[in-house]
Amino acid sequence: MAAVRVVAPAPSVLLLVAAAVVLLHLARAIAGAADEAAALLAFKDASVAADPGGALAGWANSTTPGSPCAWAGVSCAAGRVRALDLSGMSLSGRLRLDALLALSALRRLDLRGNAFHGDLSRHGSPRRAAPCALVEVDISSNTFNGTLPRAFLASCGGLQTLNLSRNSLTGGGYPFPPSLRRLDMSRNQLSDAGLLNYSLTGCHGIQYLNLSANQFTGSLPGLAPCTEVSVLDLSWNLMSGVLPPRFVAMAPANLTYLSIAGNNFSMDISDYEFGGCANLTLLDWSYNRLRSTGLPRSLVDCRRLEALDMSGNKLLSGPIPTFLVELQALRRLSLAGNRFTGEISDKLSILCKTLVELDLSSNQLIGSLPASFGQCRFLQVLDLGNNQLSGDFVETVITNISSLRVLRLPFNNITGANPLPALASRCPLLEVIDLGSNEFDGEIMPDLCSSLPSLRKLLLPNNYINGTVPSSLSNCVNLESIDLSFNLLVGQIPPEILFLLKLVDLVLWANNLSGEIPDKFCFNSTALETLVISYNSFTGNIPESITRCVNLIWLSLAGNNLTGSIPSGFGNLQNLAILQLNKNSLSGKVPAELGSCSNLIWLDLNSNELTGTIPPQLAAQAGLITGAIVSGKQFAFLRNEAGNICPGAGVLFEFLDIRPDRLANFPAVHLCSSTRIYTGTTVYTFRNNGSMIFLDLSYNSLTGTIPASFGNMTYLEVLNLGHNELTGAIPDAFTGLKGIGALDLSHNHLTGVIPPGFGCLHFLADFDVSNNNLTGEIPTSGQLITFPASRYENNSGLCGIPLNPCVHNSGAGGLPQTSYGHRNFARQSVFLAVTLSVLILFSLLIIHYKLWKFHKNKTKEIQAGCSESLPGSSKSSWKLSGIGEPLSINMAIFENPLRKLTFSDLHQATNGFCAETLIGSGGFGEVYKAKLKDGNIVAVKKLMHFTGQGDREFTAEMETIGKIKHRNLVPLLGYCKIGDERLLVYEYMKNGSLDFVLHDKGEANMDLNWATRKKIAIGSARGLAFLHHSCVPHIIHRDMKSSNVLLDGNFDAYVSDFGMARLMNALDSHLTVSMLSGTPGYVPPEYCQDFRCTTKGDVYSYGVVLLELLTGKKPIDPTEFGDSNLVGWVKQMVEDRCSEIYDPTLMATTSSELELYQYLKIACRCLDDQPNRRPTMIQVMTMFKEFQVDSGSNFLDDFSLNSTNMEESSEKSV
């Protein structure tokens, strides 16, 4: 075969071929670049409606090679767009993904931190053959809504990372591509149960799953299918029920992070199995409703655990388990907000080898911190606040922890000299020192800052710190917060500290500071947000330099001796939310410029010497306020019920680290017996842009008319213009104050009528127009007729319920003035007499018809709003029949119930709820004596209107309380709802309250002998024991006191107001508020730390009542006890002056001082500072019964006990 000769191509041919290939690739690159540029521009045109920073201004239509790879946010590889990162560019518009999906090489898309919006469920796959190449997508922190993009997820089969967090997605959109490894859907509004179940059962390849901060409900499935998951975050949802028994034990071996914090899981975890947690490094089960004595022993199987958080469950109790020391890798331990008791074991100090953060705050721990904790050489954060720790361990133990950066010890009973010198010299890294509400004394060392250069927060409120505020604090250049309130400081504010560049909070209220306030604010820095220096003795003018503090949120200069005018420059402070200048001697006008403060929600100028008219511009911010700027501030509000002793609607305090029991001796409290204390955290938010919520201009000399523009402040809750010189009419525009709760216009010179539309102010709780010149009839709609007559008195032309009836002149002719002789006179007299008779008869018929029609309409209105208590029935209200029978309050407790009782009957029986029938008032409302037509007497309680309860919640609560019957509980006979009015009907107690009989002897005119007092003590204890141990569910009273112990004609004791504290919500929904449960003088020490109510708290309050019976003294009496109270006085006297404790009248009525001493011992046991050492009420009754053997009394003959319950043989008990 002949050989084939291969002829090599000429070099020129090869060059031509190579050139052709290059040209072909170049052409394709140019074409591809043009296509990708077109896709990006299409995306920009379709999705970017606003680009305020001009981030995409450089995107232009170009086909130049390298474009669009040089465009902002675009990254390329091999000339193709591989990544698009537009994060944080403030772009906005309705997102369209279609164009971007046309980029066939796009692997990573990052649009987080913009303002894109739209419904993601409408985003489909691109209309092309090539599949989606995306591997990583992050569109978090935008405003997307709707469900997940199902078609998008289906088309992107290679997607591995998907971040949809911080949007407003609601659910749907699964299944996910099997390639997915990381899924973050946190901080949305997801509630789809199917999505939750799929995420936890269809997660075969997912390694990271974050569903936190959504709205998922229901229970959890197991985790067995999630074989690869290592991070699972289900925190801050609405899930409930119990966890699967082996939820952790059967978890994947790869699981390292597990959080179910902030849900509503409720179960006993004492024996919970954690066996499968060998690789777990973080376990966060905080803020649920888990209960256990100690912690489950199986936790020691989690040997690699670095962070354990069981805080905020409130039901974990017993000693802190020492087996935790077996977790040898533990760096962060938080057991805060539970009920752990006892002392901190020194064995726990073994954890010091690794521990960096230890939080045991808000428990019931006692004793001291063991000395061995001084060896924690890695510990940086130590929080032992809100316990009952004592001793001087700060100086002896904590000062040895040189690594410490954050030290929080507020609300304990730690004593000793000021520990700051030792802390400063031995803990040089400290950034936060919080020693509030302890018993430290001494001065603040002048060289503090030279030893603590990193100090950011110095919090020493509510101690006994004396001396002056050292000017050397200005050397703490990193200082952000200074709180020295409620101490014994004197002298002036050193101007040097006002030059601190980072100072945000300066809080010095309730000291003895004096002099002029330095005019040196905000020259070097405008960081200051909180300036609260109220209730000192400052003089001079308000410094003009404060107007330079443009970031100021809370400014309080109240309760000083300031003079001069209010700076108009305050109107430039756009962040100012709370302005308190009340109780000074300020003069001049109210600056109209304050209306320019676009975030001002609280303005208190009461009790000054202001003159001029009220500027209508104050309402200019209505509809503009968002309110979020003041969120998170700790506050206390002392609400004044009434009276000139305490002017103004109330006092707002900055309340971080202040004990409520110390407020009891504060002048604003102990001078005002009707003042109640509310505490909480501000979370002012408005569904729409809101308005001011508190405005108090009372007790000034303001003149002119009331601005009608105030009616635009639809979120206004408190408006007090009383005690001024205002004239004119009440503006009809006030009917627009839909949220008003307290309106005081008293002691002015107002004329005209009360606007009829006031009957539509459904939240009105307190209304006072007394001492004006008003005329006309009080509107009968709404709740205006339910306020006492005192709120309308001294208005000579005002009439109607609850005042005297209005007299309508029907008009009648007069006698003729000219005489025409006897016959004409007689004839005319007869004619006039007949005419007058006819006119009078006709007028009477008209009046009768109008009254009949009025009462018919009123009956319909009342029928539409009343409900009856139906014990034993599931119905909480009933519909009217066609007969129109007046709706009744069912007297369920009587064996032979009274006939149907209507609201009209109660109104008539109390004479329109007039002052003459008022027999008592308290924190929950006013009580009236009502004598019914059949002779029966009942007590009618008109609840205060500050309530967040809806009809369903109120009715359910009343149905529960109405079924509780016991011989020593005041029975609820029925209730009535009329609009927002709530009336409760109780049995009438002839002898009133124990408080009245004991402490108002002049008016009560009765002395109680020991036998009667003993009878009252046992009866009230029996009633309280029934609530604690025999009611289902058990009831915590929350406000046990002598005024809630009522006495019948035989001086038998009845506990009243049980269940009421839970029913009442102190303020409206714009504040997250918890009313201080209890009354000053009766509040147990642990309530002053975390406001958590317990039966042992009731036991403490009962102990105070028992002391009142033994001593005859009031719980709080500054003239008797000074800064202390009855409990403190008795504990001082009981050691060696016991006989001086008893009421002298008792010594004359009892032959046995031993019995008095036995009852005193019971009282002291009830008043133990440690709740776990107090007896239960059953144990109190047992002790009483033991004493009875010697005393010969028969008060307890019908009382029996067993291990679990309390029963009585009386037929009245249930």
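Yeah, the Cβs are placed from backbone N, Cα and C, and that goes for glycine too.
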From ASN61, ASN773, ASN1202, the one Swiss-Prot labels N-linked glycosylation site: ASN61
N-linked glycosylation site per Swiss-Prot (candidates: ASN524, ASN991): ASN524
Among ASN561, ASN857, residue that the record in Swiss-Prot marks as N-linked glycosylation site: ASN561
Range among 191-198, 407-414, 799-806, 1015-1022 that Swiss-Prot annotates as motif 'Cys pair 2': 799-806
Among ILE919, LYS941, ASP995, MET1040, the one of these binding-site residues whose Cβ has the fewest neighbouring Cβ atoms within 10 Å: ILE919
Secondary structure at ASP995 (ATP binding site), reduced by DSSP to three states: helix
Among GLY925, MET989, ASP1039, SER1043, the most crowded of the recorded positions [Cβ within 10 Å]: ASP1039
Beyond the flanks of the repeat 'LRR 12' (377-400) by 6 or more, those residues with Cβ under 8 Å of it: 336, 352-371, 406-417, 419, 422-423, 425-427, 429, 434-435, 1085-1086, 1089-1090, 1169-1170
Distant-in-sequence neighbours of the repeat 'LRR 23' (689-712), which means Cβ under 8 A and at least six residues beyond its ends: 582, 590, 600-627, 647-649, 652, 718-737, 739, 744-745, 750, 1070
Helix, strand and coil totals (DSSP H, G, I; E, B; other) for the repeat 'LRR 3' (156-177): 0 helix, 7 strand, 15 coil
Rounded Cα separation (Å) that holds between ASP1039 (active site, proton acceptor) and ILE919 (ATP binding site): 19
Rounded mean pLDDT for the residues that make up the repeat 'LRR 18' (526-549): 95
In three-state DSSP terms, the structure that ILE919 (ATP binding site) belongs to: strand
Folded-back contacts onto the repeat 'LRR 6' (230-250), same chain, C-beta under 8 angstroms, at least six residues removed: 186, 207-224, 256-267, 272-277, 280, 284
